[in-house]
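Have a look at the structure below before the remarks.
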Amino acid sequence: MSRRITDADPTTNEPEIGSGPSSFRYREPVSHHIHELGRPPKQPLLKELQHGFKETFFADEPLRAYKDQPGAKKFLLILQSIFPILEWGRTYNFSKFKGDLIAGLTIASLCVPQDIAYAKLANLDPQYGLYSSFVPPLIYAFMGSSRDIAIGPVAVVSLLLGTLLQNEIDPVADKHAYMRLAFTATFFAGLTQFVLGFFRLGFLIDFLSHAAIVGFMAGAAVTIGLQQLKGLLGITNFTKKTDIVSVMRSVWSSVHHGWNWQTIVIGLSFLAFLLLAKYIGKKNKKFFWVAAIAPLTSVIIATFCVGITRADKDGVQIVKHINKGINPSSVHEIYWSGEFLLKGLKIGVVAGMIALTEAVAIGRTFASMKDYQLDGNKEMVALGTMNIVGSMASCFVATGSFSRSAVNFMAGCQTAVSNIVMSCVVLLTLELITPLFKYTPNAVLASIIIAAVVGLVDIKAAVLLWKIDKFDFVACMGAFFGVIFKSVEIGLLIAVAISFAKILLQVTRPRTAVLGKLPGTNVYRNINQYPKATTVSGIVIIRVDSAIYFSNSNYIKERILRWLSNEEEEVQKLNLPRIQYLVIEMSPVTDIDTSGIHSFEELHKSLQRREVQIVLANPSPTVIEKLGEFLLKGLKIGVVAGMIALTEAVAIGRTFASMKDYQLDGNKEMVALGTMNIVGSMASCFVATGSFSRSAVNFMAGCQTAVSNIVMSCVVLLTLELITPLFKYTPNAVLASIIIAAVVGLVDIKAAVLLWKIDKFDFVACMGAFFGVIFKSVEIGLLIAVAISFAKILLQVTRPRTAVLGKLPGTNVYRNINQYPKATTVSGIVIIRVDSAIYFSNSNYIKERILRWLSNEEEEVQKLNLPRIQYLVIEMSPVTDIDTSGIHSFEELHKSLQRREVQIVLANPSPTVIEKLYASDFAHLIGEDKIFPSVADAIITLAPKAQEP
């Protein structure tokens, strides 16, 4: 884009940022330089689809590097993309190798004892843990893009795998079948990861929120710790269940005859040693190696002591035997057919997703710390490939380990070569020293696992969740209690369910606000946030803080009408001029579908009856394009196409309520419809609902109330009592004709054409439902419609729009520079608007999208030899909410910008966002003087500083 440079106007007063209740009233005349609405040119269908596809799946512009490159260079870049080692390997030197060697040896000392312990956690023989730290890290070193992640088995995935596998096959009764199912699940875990990365569906893992992960990990840590009581206390008969009640019952039932005091002494002694070593390493970063070598030290000392004293003869349980040698092939052990193929698929998908979530979270954390970009999709391909290969080399699911990766980072690793060094050490262990582990007591392995998972219980994070977002805290606690009181799967299910509930709540109940004018400015803000903001006589200004889709369009319409009614009541009380205009501020409305347009038409009709004119302010290019027909011609859609009785009845009721200008309470309607069908089921009736044809006739015949239904019922009663015998000779052909004549009106071709013109996604949902019904069944058609509608919601919340803003000439208003060609940017400052609430489902995308905008601007600044970018202003007015994942992404963004010597600035955050920014201390982190009530105020303050060299 061409940069249009301007100096900011320093004449406007600067109001204070607000977060309190309103004390406004009333009203200020308006004078303002009027700009013509920027109507975008009609985009060709192919270009429109191409843009949407690119933003969804290729937002990071992965093909940009190949542009204008010769064929040989492109081939090399493709190879480097698949195998990043070919890129960084060219600059690899002895200095980097020295760091990787030390880091690799350090994490190897940690991984060997952990691998043996985690294999037992997955109910597999110890050597399988070592196998899984030999082959997968080698594959990852060639294909992975993270420099710091350390690969191998991890506690949570091992527990999950062991729990799910033993639900299908008893690991003791049929050890070989259990092992085969483990390899099958690992294969499908890898395939799941590979497919997600290859088809660039990595954004799906973002649906497991940070809050849910905190609770799930904490619950899994407690469950893992409880499971280790078997080894720590020397109990032989232990429950296979994982819930806390079953485990504690099993522990206490064995107290008199199942506990072994020698085992308890060994276990608790080494647990204390491990926790002390961990505390020392955490307290003083210079001694991180103490915590790293403590597990291996514990294994060596404990094995030596048990071997010398032969404590195993006194009931101390030991490892006994570990197979020597490298991984045998397991290609023929995988279930390629039969009943266990599908079971392996189900287990693999779940384990693969959890492993993926953990690895990508770890990779992003360390990438942020070292300020390099991590390609999530490449990571998924690398992780998937290593697990697919690993499943054929006797490995179970491997992923990034946080404890090992932290040690790897602190030990000074430079590249993924540290994983190769670790693999070599594991190879030597398998070939030479596995027999030495024969007398390793299980109590020490239990201690190692407990010490490893203690760090997964993050109490500080839970407290922060409570302070920032109560919904996040509920998700965290739901996942935590689900895991410890039921099972790992139930906890995971609760975490995902609560996360999705939050998304649905966001898209179905968006916020709206009444705006007022800040004194001395032409800026309009939420009157509840800015007490000094004044409304304008005869005008109500309402901002809608969401895209308007089928899922929220009726709620938004009714909320606007309630705002208007409240304002009209207050106007009457104060004897002020009546409301003549309703201005809807549309800047946060990034998109609108046919349901949204239909709701706007109904709103327009209601306002006409009140003699109030609807006015739209600052609609986006997409919204303008879709509203074009409505704005210019006032077309009437009036589409009602219900497949479910409730949907049809409520839709019909709302249609006629709109025509007669009264409000319909959807919840009361549902109660009434439900009650009538419950009673009807007990009176020989089948499902009844509202009929469009009958309701239309009822309306046109002049019905006034629901008494018309009573009259109809009386006529039906007389028919049943007196004249049913007369229908004896009624031909079925006539009944068929009546049905056909009645349903002909349900085929609304005009509505389908309008769907195509307004919203292609809506048209796809329409055609999917249509063809599903006629070619398969009503249920399949309904399922397709729901699936497509839900996919639309997911796309909305995972890929929100962002825009670079510029200043409209002669104003202090900042608008999308792609929509308003005359808008000018400000030297040394980039202004970006985020058009969505910032939640776990989109926070990482928004962070990366902002950084890409900034990189593009910095490149253009260098080309034009302009002053460097010093400030990044984020216009927050459409950001109605932010959760802990969003705060975390902002913290990472702040770190990245600090390294570029760019200051982050926030403009016009909502009261909810302000509260959470302060609760999380992010406001203090960036400086309270870097939060402004508007973009104009931010530019007036910062522009003079940005001009300085």
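Cβ coordinates are placed from backbone N, Cα and C, and glycine is handled just like the others.
In TrEMBL this protein carries:
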- 1-23: region 'Disordered' (REGION)
- 149-165: transmembrane segment (TRANSMEM)
- 177-199: transmembrane segment (TRANSMEM)
- 211-229: transmembrane segment (TRANSMEM)
- 259-280: transmembrane segment (TRANSMEM)
- 287-309: transmembrane segment (TRANSMEM)
- 379-403: transmembrane segment (TRANSMEM)
- 409-430: transmembrane segment (TRANSMEM)
- 478-501: transmembrane segment (TRANSMEM)
- 529-653: domain 'STAS' (DOMAIN)
- 672-693: transmembrane segment (TRANSMEM)
- 705-727: transmembrane segment (TRANSMEM)
- 733-756: transmembrane segment (TRANSMEM)
- 763-791: transmembrane segment (TRANSMEM)
- 819-942: domain 'STAS' (DOMAIN)
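Among residues of the same chain six or more beyond the transmembrane segment (177-199), those with a C-beta under 8 A of the stretch's C-beta atoms are 57, 122-124, 128, 161, 164-166, 168-171, 205, 330, 333-335, 340-341, 343-345, 347-349, 351-353, 355-356, 376-392, 394-397. Across the residues of the domain 'STAS' (819-942), the predicted structure has a mean pLDDT of 89. The list of residues near the transmembrane segment (287-309) in space but at least 6 beyond its ends in sequence, with Cβ under 8 angstroms from a Cβ of it, reads 106-107, 109-110, 112-114, 116, 266, 270, 273-274, 277-278, 280-281, 316, 318, 407, 410-411, 436-441, 443-445, 447-448, 451-452. The stretch in closest packing with the transmembrane segment (149-165), judged by the count of Cβ pairs under 8 Å and taken from 409-430, 672-693, 733-756, 763-791, is 409-430. Only sequence-distant pairs (6 or more apart) were considered; of these, fewer than three Cβ pairs between the transmembrane segment (211-229) and the transmembrane segment (672-693) are under 8 A, so the stretches are not in contact.
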